[in-house]
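Visitor: Sharing a structure, written as structure tokens. Questions coming.
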Amino acid sequence: DGPPPGFGRVISELRKDGWIGVQWDTSSTNVYRMGKEGKYDLKLAALKSPKPVVIINPDTQAYTGERVTFRCDVQTGGDTDWTYSWYKSDYTQLQETAQEFSISSVRDSDGGKYTCIGRRNDSPLSDFSDPVTLSVSVRPQSVVKVQATECVFIGESVTLTCEIQTGGSWQYHWYRDNEELSDAAGEKTYTITDVKESNKGDYTCKGTKSSDPKYTQTSAAVTLTVSEKLKPELASDLKGAAVTGNSVTLTCTLKTQSGSFQSGWKFYWIKDTKSNETETETFHYFISSVSVSDGGQYRCRAGRGNPVYYTHYSDALWVKVIAESPPVSLIISPSRTQHFTADSLSLNCEDQRDSTGWTVRRYTHSETLYNCSSVSGSTCNISSLSTSHTGVYWCQSESGGRSHSLNITVHNGDVILESPVHPVTEGNPLTLHCLYRNTNVSDSGADFYKDDSVLQNQTTGEMTISSVSKSDEGFYHCTHPERGESPKSWVSVRVQASGLSVLIVGLSLLLMFVLLLILLLCYKKKKGLKYQTTSGVNQDTTQVTDGDDVYENIDIRKVGSNKMIHSRVATREKKHSENGDNVYENVDIRTKAGAHNMFHSHVGTQERNTM
């Protein structure tokens with residue numbers, strides 16, 4: 001006849017000695033109806049059945065490939081004569097009938113909710129256990145990460161980090177060349193403070209948990225190479241001496257057997273006349289406009305990490321700076337140092353000899369060198385300026401020639417200052433304009449500043465200094481009450497040579513001319529004394545009497561009748577001459593127009609010593 005109303009479905013029946021035990025599923029209790037076959041009017045009794053518990057070992061969370069054991073414990077004491085039924089998820093019955101069973105290598109499909117029920121011949125059935133969920137996931141991967149780079153240097157500090165993809169409390173194990181490192185101490189990071197040659201090798205790691213035998217996959221190996229302390233190479237872009245006003249770029253290169261690299265390093269530069277280093281984020285050291293004082297010996301080194309590990313210093317590089325005019329000039333159109341974004345700009349390299357073979361280059365605030373991308377001959381055209389075009393510009397040839405450098409600022413605002421591109425000579429006028437986007441000049445006045453101090457207020461948007469001096473050199477900018485403020489531009493003043501300087505230079509040139517003239521005359525005089533003519537008259541000086549003059553090398557040329565020119569008369573001492581006799585040297589005797597008239601010039605006398 002079925003169960004009484006509200007008793008639910010029949011779970012199982014037990015038949016013994018002609019009696020039938022029926023178990024119905026109800027909301028709170030198991031109810032048994034006892035009676036002879038065919039008779040259903042027996043009394044009803046509400047009895048509490050035992051409830052089993054599902055236990056999963058080693059954990060309800062398992063990794064694919066692990067062994068998992070399931071156990072059904074009935075809370076009545078004793079495990080004798082019990083049989084068990086296992087269900088997964090939606091009461092899908094498994095083939096397992098033992099109290100305990102295992103899955104040797106779980107898969108994703110083994111995950112789900114597990115319940116069990118027990119049965120014994122001499123007692124009623126147990127209740128269903130509460131479901132227990134088994135979660136199956138892929139074993140987490142370990143990853144070794146190296147601070148900075150896999151290439152380290154003797155004496156440097158390096159830190160390795162073991163990253164595990166899932167959270168939790170892990171114990172970390174470190175290996176070098178597949179041998180566990182005893183000094184790692186189970187930490188997530190492994191630091192070597194003073195790297196040696198013996199520290200090189202392949203490093204791996206994995207994680208384990210102390211509470212159970214779970215472990216991660218072993219990480220892929222990271223190879224740590226150890227090299228000798230580096231010595232960088234220092235070079236410049238110069239092909240000879242640098243010219244004052246030009247730019248100079250020094251390059252500090254780190255090289256190993258595997259190639260050159262710069263990433264992750266800071267660079268330090270020192271000059272022989274300075275005690276402090278200059279630090280840069282890149283391996284370039286840029287001097288936008290060199291002066292004579294910038295000349296000298298430079299060295300560089302690199303450093304990284306905290307505390308900083310330094311390389312050796314490079315060999316010294318000599319930078320020579322000379323004060324010469326460059327062979328080429330950079331011409332900007334429009335001729336000003338500040339420009340609006342979206343405006344066009346033309347830069348032309350004008351050579352005194354020819355206008356070919358030059359390239360416009362720029363150095364930006366990002367410490368990067370660029371060549372002009374749009375070139376026509378020696379002209380660089382930029383159709384639409386952006387703030388990234390702000391930088392230092394110059395002309396450069398393949399042979400190393402360079403122009404003076406010019407600073408160009410591209411502004412995204414509404415106000416710029418029009419100032420001279422090149423230095424203004426002392427004594428000349430200086431005119432500045434405050435320009436506005438889409439408008440040539442100010443329509444409501446502007447304030448002009450020098451070195452952040454108010455200089456003038458002009459209703460025309462224009463300011464003029466009639467005669468500039470060196471004191472007018474500085475940073476200038478202008479402001480508009482409504483449109484904003486311009487960037488700052490440096491105005492340079494060239495000192496004009498004074499009158500005294502010109503006089504000194506003139507006298508120096510005159511003195512050099514006089515000295516050259518004297519040297520020329522002395523040369524001719526010396527050459528004349530050595531001159532021996534083969535056609536001259538040689539007087540016989542033997543058997544001459546005391547007091548007679550001795551004439552040698554008399555060159556006699558006839559000029560006209562009764563006219564003679566005596567040139568280069570050289571007298572020499574005669575043996576046994578008396579005191580008071582004169583010696584005539586370098587006597588130039590020439591006859592004048594009258595007959596027998598003689599002219600003596602340049603007669604030198606010397607006292608003769610008695611032999």
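Glycine is treated like the rest: Cβ placed from N, Cα and C.
Quick caveat, the model's predicted, so the values are computed rather than measured.
Pulled from TrEMBL, these are the listed features:
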{"type": "DOMAIN", "residues": "1-48", "note": "domain 'MIB/HERC2'"}
{"type": "DOMAIN", "residues": "50-126", "note": "domain 'Ig-like'"}
{"type": "DOMAIN", "residues": "140-223", "note": "domain 'Ig-like'"}
{"type": "DOMAIN", "residues": "232-302", "note": "domain 'Ig-like'"}
{"type": "DOMAIN", "residues": "326-409", "note": "domain 'Ig-like'"}
{"type": "DOMAIN", "residues": "413-479", "note": "domain 'Ig-like'"}
{"type": "TRANSMEM", "residues": "500-523", "note": "transmembrane segment"}
Visitor: For the domain 'Ig-like' (413-479), give the DSSP counts of helix residues, strand residues and coil residues.
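Guide: Tallied per class, the domain 'Ig-like' (413-479) gives 3 helix, 35 strand, 29 coil.
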Visitor: Give, as a single whole number between 0 and 100, the mean pLDDT over the domain 'Ig-like' (413-479).
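Guide: Result for the domain 'Ig-like' (413-479): average pLDDT 88.
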Visitor: DSSP-wise, what's the residue breakdown of the domain 'Ig-like' (140-223) into helix, strand and coil?
Guide: 6 helix, 40 strand, 38 coil
